[in-house]
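> Annotated pyruvate binding site per TrEMBL: T29, V193, in sequence order. Positions annotated as active site, proton donor/acceptor by TrEMBL: Y120. What TrEMBL records for K150 is active site, schiff-base intermediate with substrate.
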Amino acid sequence: KINLPVIRQYVDYLVNEQNVKNIFVNGTTGEGLSLSIQERKQLAEEWMCQGKDKLDHVIIHVGALNLPECQELARHAAAIGADGIAVIAPFFFKPTNKDELVAFLQKVASEAPEVPFYYYHIPPLTGVKIRVEELLDGIKAQIPTFQGVKFSDTDLLDLAQCIHKNETGEFEFLYGVDEQLLGALALGADGAVGSTYNYLGRQTNLMLQAFAKPDFALAQQYQFLTGEFLNFVIKLGFGVAQTKAVMTSVSGIPMGPPRLPLVDASPEFIVKAKAKLDSIVWPNGD
């Protein structure tokens, strides 16, 4: 079951401990697709309520396997004042080309005509491999609220072509593969949405600052150390359940178990992951 009372503590932790003030709600790490529509609405409302005057942006993921639920969630997000909405491609009956995907996205976006709209591109999970570069052509004419893409794929060529085409800067590209963020920044990504930023947000912000200076050697250090941790836990088996366990360990906030078919991280994983994270010496002396 969802645990609404913990969200106040979660918001304060992200803001005060991790310097994270922008939130992506009901996405992959939040198991949005495993929740009921009512649960997703409750979570969105609680994040908006607890984040008021503390968070800068709350983007709510409203994607689902069927159009009516996406539209209902989009209307709800607009009604509670979300700063943006995002939608994955449906992944049982899949769009097979750009036109089918855009038609689906347009039907969702039109239900929240004042809210910035993001396409959540995550082909490793959806199996929808329509290139974003292709998707962007003429999309503003069909979806006037189109703001950008949460780009959760390792195809940096596609990302680079998107950014190259975006000469006017009208779109935002938020990168979603944490261990490759520095590479995406070098190509021109505008920001990031990822699971590790729950517990490594402060270090990632320092990497962003180093990149902006620019101090590439320092930025590399942060990226390499994040990668060292992720490389270690991926070999142990790392997914949403394990992410929750790491976040609980680091923050002290009980993130709870995942919902079936996902199962809890093993005690062995938790011990090894914590030891590895504790062993890392960050450039800022942590």
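Including glycine, each Cβ sits where the backbone N, Cα and C put it.
Note that TrEMBL annotation is computational and uncurated.
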> Per residue, counting other C-beta atoms within 10 angstroms of the C-beta, which of the recorded positions K150, V193 reaches the highest number?
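Selected residue: K150.
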> Would you mind checking how many other C-beta atoms are within 10 angstroms of the C-beta on T29 (pyruvate binding site)?
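The answer is 19.
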> Whole-number Å only: compute the distance from the Cα of T29 (pyruvate binding site) to the Cα of the residue listed as 'active site, proton donor/acceptor'.
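Roughly 13 Å, rounded to the nearest whole number.
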> Tally every other Cβ atom lying within 10 Å of the Cβ atom of the residue listed as 'active site, proton donor/acceptor'.
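Counting Cβ neighbours of the residue listed as 'active site, proton donor/acceptor' within 10 Å gives 26.
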> Between the residue listed as 'active site, schiff-base intermediate with substrate' and Y120 (active site, proton donor/acceptor), find the distance joining the two CA atoms and give it rounded to the nearest Å.
5
> How many whole Å apart are the CA atoms of V193 (pyruvate binding site) and Y120 (active site, proton donor/acceptor)?
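Roughly 10 Å, rounded to the nearest whole number.
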